[in-house]
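Residues annotated as domain 'ER-bound oxygenase mpaB/mpaB'/Rubber oxygenase catalytic' in TrEMBL: 350-572. According to TrEMBL, the transmembrane segment annotation covers 32-51, 57-84, 96-114, 139-158, 179-200, 244-264, 276-299.
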Amino acid sequence: MNVGSTVEHFDSRLRVPEPPGKALHQAVRDGLFAPLVLVCGAGFLALYILSTATDVWFAWTVTSPLTAATVGAGFGAAWVLFVLAMLEPGWANARLAAGVPLVLAAGTLLTVNLTDAELNPSGDVDIFGTSFSVPVADLWLIGLGWAPLLLTVLTVPAQLNRRPDNDGDSRVRTAPMPAWARVIAGLEGLGLVGLGAVLFARPEVSWWPWRVSVLDLRELCVLMITVGLLLLHATVGGDLRRAAIGMAALVSFGVLALIGVLRYSDELRWESPSAWIFVAAVGVLLGTGAIGLLLLGLLRVVLPVLTTVTGADPKVPPSTKRLRELGLGARSKITPHADDGFFGPDSVTWKVWTYPSSLTVGFQRAVVVEELDPALVASVDATGAIRNRPRARYDRTLRYFAMVAFAGTRDTMKAADVLVKVHSVGIGIEPGSGKPYDANDPQSQLWIHLTAWHSILYAYEKYGPGRLSPEEEARYWADCAAAAELQTCDPADVPRDRDGVRAYFERMRPELVGSPVARSTMNHLLHAEVMLPPMPPVYWLGTLIATTAQRIATVASMPHWMREMSGIRQSRLLDVLIVPVMRVSFRLARISRWFQLGALHLLSPTTTSVVAPILFRVPPTTSETLTPAQARERYGYPKPAEAHLELRARQHQRVFTDRQQPSEVGLVESEDILGTRTQ
């Protein structure tokens, strides 16, 4: 089992931040954590799923199914712990799991040896008419006891290997645990270890809130001590990022244990205070893990958002204290735009584009659909940016469209002007037709422009408040035509109503091609996780759920002829089911402006500062709107179609005559305006 290759496969879409210090040794990943995943999975199945059949499937017959479910919840949590540890690239963030097998294995073996109890006898298994005697108890003792001990001992040299794999310092706390959290976690850990040790040494079975044998109680004590030591390890480390896998395991244990209580509620002596103490203790462990993950998320997502929108120094080390400092009066610290841009707060454009569906599903639909244009996808494929730097490419593109909708007119005019230089690089020969293509071609620009504005409106209507009124729709397409003045296309070619937009796409349909490159690129862009920053594995499940829902919603918004052309398959049932899910999700997201900014920051960090003043209604420096024509006159910019003609001619000379690569002068200049190209 080569777990390393599995991790690399995940990394193709979901990436893990580079760890400080040494990497997780392959011997520890494959030789310790991987086998323990199998063992813990088997323990979870035998004890939690089959909790009423321990006389057949486990080493001994557990007195109460609630005991089996509780210990099984521990194995389920351990499975989560070891899976996440395997996915971590660095030893510092996986180290928390390394001591768990030693405690669990030694404790289980000691429990069995100290307790005078009968283990389950061998069971007979019939395979193809041949009967075999299976020593169930012996196999479990090997799997839960001797094998983990042996694997831990064998991998100790790899664990202690101090060879650094990069120049980072593993002692640096990237997400410091606040002092109050360390105190609480430390007290919980000490309490669990102390209580577990006392009950293990002197098992008073009458105190426990349900019927247990001495053997069962001691195994529960082993679980308590293991969880307690895990909490103490995390407390000493004092870093939420390093404790992340343990916090996820605590949440898993809490949820599974509480489900076990609900399944076997009749087993508990509810009249005894000990029953309520047990339930409360499980709830506290669940809360500890959940709060820890929440704090980590605040430091990883919200703090960067606050730093960006307030203009604070990004080099200051992260901490919850820093989070509070920036959070207090954050709205007053947001840098306002110079003016209300080209549309203003009363425009339909702001109404539609500020809804959470717009810069998520709407924009993803736009960048996916536009790849059906052979010239555009040829340009995209030639640069390789979508494949090699998808996050940077998506970030820069989204920032530009957000600037057109929301930013001050001077900044937007400058961005539109430099975009002509950027597009001067996008020239070449389209492989399918053999004809030259040019990213500044007016028809290509019209296709991109209309696809974006139509997609964002369609997502708003399908997953948001619904259709605009006829008057609002007319204003929206008038705004779209005004925004077209910032491109090389002719605003007169922009349709002014829904029927005109439909007619445009019907005219374009014969020119669209679902080539292998287009299909591959569209499929790549439908996986929004490629646009996300490196994330700790504890957030991968939630990330995949969110990005999968977004993919389904985006595909559901595409017409069937377009799906067939691009080779995208999705059932009509999913098309229907995703609508209420996304409507509710976007409505909930709209409740918190900080949540919206946090989600946007994950997708496009440079767009955050553009949208923040709009979401928080921060008044601009000057309350006025301009038309693109007025802005050109005021700031001295030519029409985009007439801009940088000499540069564009030189680029054509280099590519089509001299057979050289185009100059990147425009790309370099654009980094100060549209963001870095190297994320």
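Placement of Cβ uses the backbone N, Cα and C atoms for every residue, glycine included.
Bear in mind that TrEMBL entries carry predicted annotations, made automatically and left uncurated.
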Integer mean pLDDT for the domain 'ER-bound oxygenase mpaB/mpaB'/Rubber oxygenase catalytic' (350-572): 95
Same-chain residues near the transmembrane segment (139-158), Cβ under 8 Å, at least 6 residues beyond its ends: 25, 27-28, 31-32, 35-36, 39, 42-43, 58-59, 98, 101-102, 104-106, 108-109, 112
Other parts of the chain folded back onto the transmembrane segment (244-264), taken as Cβ under 8 Å at six or more residues beyond its ends: 48, 51, 64-66, 69-70, 72-74, 76-78, 80-81, 84-85, 88, 93-94, 96-97, 227, 230-231, 233-234, 279, 282-283, 285-290, 292-293, 296, 536-538
Contact set, same chain, for the transmembrane segment (96-114): CB under 8 Å, 6 or more residues outside the stretch: 28, 32-33, 36, 59-60, 78, 81-82, 84-85, 141, 144-149, 151-152, 159, 200, 215, 218-219, 221-223, 225-226, 229-230, 233-234, 237, 242-243, 245-246
